[in-house]
Amino acid sequence: MDKNFLIQEITRLKQEKNAVILAHYYQDEDVQEIADFIGDSLELAKKAQNTNADIIVFAGVHFMAETAKILNPDKKVLLPDWEAGCSLADGCDPKDFSEFKKQYPDHVVVTYINCSAEIKAMSDLVCTSANAKKIIESISEEHKIIFAPDENLGNYLQKETKRDLVLWKGSCVVHEAFSLDKLIELYNKNPTAKIAAHPESESHILKAAHFIGSTSGIINFIKTDPAAVYIVATEAGILHELSKAVPNKTLIPAPSTEDNSCACSECAFMKMNTLEKLYLCLKNESPEMLVTEELRIEALKPIEKMLQLS
Ligand code: 13P
Ligand code: SF4
């Protein structure tokens, strides 16, 4: 379908239906451009909590739209592509997690927002990469903690908070693919560059980084830091917002292990959403995210605790 037609129709349908489009920084640039708000997982959850729209179109992945629905039971929440999952969420099966949890009955359960509603319902607290340290530090020292599903983020938090965490062994397919050898090679060619990394990256990548933070944290760091060149170790979609925010700085995507055409990491799940799917989902009001009320109430508790602490 013609891009101008899609933009026109999405704009018209949005007004007609009082819909809002929330998009994550990893979305395709056309999707980011048409969104009413772009942000990291925490900002998007907060935006979803405060919107007056009747329909939320969540241009992100399944767990993000599900979180928006948990926070907004009376609004229609749409996800342009139902298959837009996440390796972290998909790698933490509720039955397996329930068995895992049983081994540590006296532990407080903290889960990264990149998990299903069923996992959230089994948690005491939810966190995002932007507030994970703060959430762990809010738990008093005498409590032992389970952290799931991201092992890399868990390892990073153990170092940052000096707390001993029992970790679920999940990972992000995008962030675990960064190559340290290629990163060092790139850095040697750009010795004045600063490396900014997302904490879902492996510990050897984080060790090499000058800054570690959420997608918004990385954008704010690069905006305010005086260096001229940055190597960015997170999903490549962030470069769209970054290049608008800092047009005079040089931004280099961190190289991944696999050689691919753009020599950078892309999340195949995030990129499933397209302008055309966004148009169709607004027009047909489908696929719609639905969560049973029983599950929603249980999953809401740890999300609300997180939002109060953030
Ligand atoms: P942020 O919360 O930092 O935007 O991260 C979301 C995500 O999926 C990272 O892979
Ligand atoms: Fe999940 Fe990784 Fe994609 Fe983020 S980048 S949505 S953590 S698979």
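Cβ atoms are placed via backbone N, Cα and C, with glycine included.
Remember, TrEMBL labels are computer predictions, not curated facts.
Keep in mind it's a predicted model, so treat the numbers as computed, not measured.
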From the candidates S98, S123, S129, give the one listed by TrEMBL for the same iminosuccinate site as H24, S41, Y112, I113, N114, H198, P199, E200, T215.
S129
Near ligand 1 by the Cβ criterion (under 6 Å), the binding-site residues from Y112, C172, E200, C267 are C172, E200
Can you tell me which of H24, C86, Y112, N114, C172, C267, our binding-site residues, come within under 6 Å of ligand 2 at the Cβ?
C86, N114, C172, C267
A correct count of other C-beta atoms within 10 Å of the C-beta of C172 ([4Fe-4S] cluster binding site) gives 26
Distance check against C86 ([4Fe-4S] cluster binding site) for the binding-site residues H24, N114, H198, E200, keeping those with Cα within 10 Å:
N114
Non-site residues, in chain order, whose CB comes within 8 A of the mean position of the CB atoms of C86, C172, C267 at [4Fe-4S] cluster:
V61, S87, L88, N114, V173, V174, H175, E200, E235, F269, M270
How big is the Cα-to-Cα gap, in Å, between Y112 (iminosuccinate binding site) and C172 ([4Fe-4S] cluster binding site)?
12
10 Å Cα neighbourhood of C172 ([4Fe-4S] cluster binding site): matching binding-site residues from H24, H198, E200:
E200
